[in-house]
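Single-structure report; data block below.
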Amino acid sequence: MRPKITIVGAGNVGATTAHWLAERELGDIVLVDIPQTEGMPKGKALDLMQAGPIVGYNTRLIGTTDYEPTANSDIVVITAGVPRKPGMSREDLVNVNANIIRDVISKAVPLSPNAIYIVVTNPLDTMTYLAYKLSGLPRERVIGQAGILDSARMRTFIAMELDVAVENVQAMVLGGHGDEMVPMVRFTTVAGIPISMLLPKEKIDAIVDRTRKGGGEIVSLLKTGSAYYAPGAAVAQMVEAILKDQKLIVPCSVYLQGEYGLHDICFGVPVKLGRKGVEQIIELPLNEEERAMLERSVQLIRNTMAALQPA
Ligand code: APR
């Protein structure tokens, strides 16, 4: 039997994730949205399926506004939520998106209690925390997508600066998915060469700054929503790593129980992704400066969590 991948929210990120996933034939896909969207998820699913004969994939896609077809999913990706508009921070979305997460978890989890849940809705770390708490699932199976995207942004900017292949660039962005995220310069390499040997400090600082504001840069260009091609590709990489049991090390937001000295928070750290979800959390030895940056990022998430109103 083919794996079943449910994507809740058939908007920009959801549909783009479905697109990247369909091409990889990782499983059949169920696109879910709210009843008010009427035929929209069905239309997108059909459209994506009709690309199959041209591109050469046999992925089956279903669009729906009820959860019945999602039953027994292997993976549930949650992209349901409101994206930001220019001038908004991800944190501004907290209460409207919290209610959406509550709705999605209450409907999806009873039907797919064994699935691995990937959260994309912003503010990411707080929404992952809420999904984890409400779902009652083990922490290995509720994972926030952010670090792959933030690291990909940093890798892109470095490749642009040095005029090298993006595959040569390894970078790791940790912490919360907000403007206080922590690009780990010390662990950034190009073909194994530390970035500090290739670029002067001012250039590296500028790349770090652009990475932190990478999502905002796109919001201000698009004006009507936030990024979706790269976020969708990041989710597809997580789904592939899980379904193929790749043991891929990437940064993801996970519920911490003492790792990095942190408790009761979802935070972006390097993890090993495999068929069980998060199979290991990797603790990097941090210097004082990095620890101080992580602390600022923790504070931003704690403030957002404190703004959460009860259902
Ligand atoms: N259940 C299912 N789907 C929902 C619900 C819900 N309770 N509430 C809203 N949706 C759907 C909307 O109907 C819409 O189709 O979620 C979709 C969101 O799509 P877009 O508005 O295009 O937003 P998108 O760019 O995909 O971003 C979604 O991901 O990156 C984050 O910050 C972003 O939180 C935002 C989320």
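Glycine is treated like the rest: Cβ placed from N, Cα and C.
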Have a look through ASN95, ASN97, ASN99 and flag the one TrEMBL assigns to the NAD(+) site that GLY9, ALA10, GLY11, ASN12, VAL13, GLY14, ASP33, VAL120, THR121, ASN122 belong to.
ASN97
Roughly how many Å separate the Cα of GLY11 (NAD(+) binding site) from that of HIS177 (active site, proton acceptor), to the nearest whole number?
20
Can you tell which of ARG84, ARG90, ARG153, HIS177 has the least company, meaning the fewest other C-beta atoms within 10 angstroms of its C-beta, among these recorded positions?
ARG84
Record lists GLY9, ALA10, GLY11, ASN12, VAL13, GLY14, ASP33, ASN97, VAL120, THR121, ASN122 as binding NAD(+); longest Cα-Cα distance in Å?
17
Quick check for you: of the recorded positions GLY9, VAL13, ASP33, VAL120, ASN122, HIS177, which have their Cα within 10 Å of the Cα of ARG84 (substrate binding site)?
ASN122
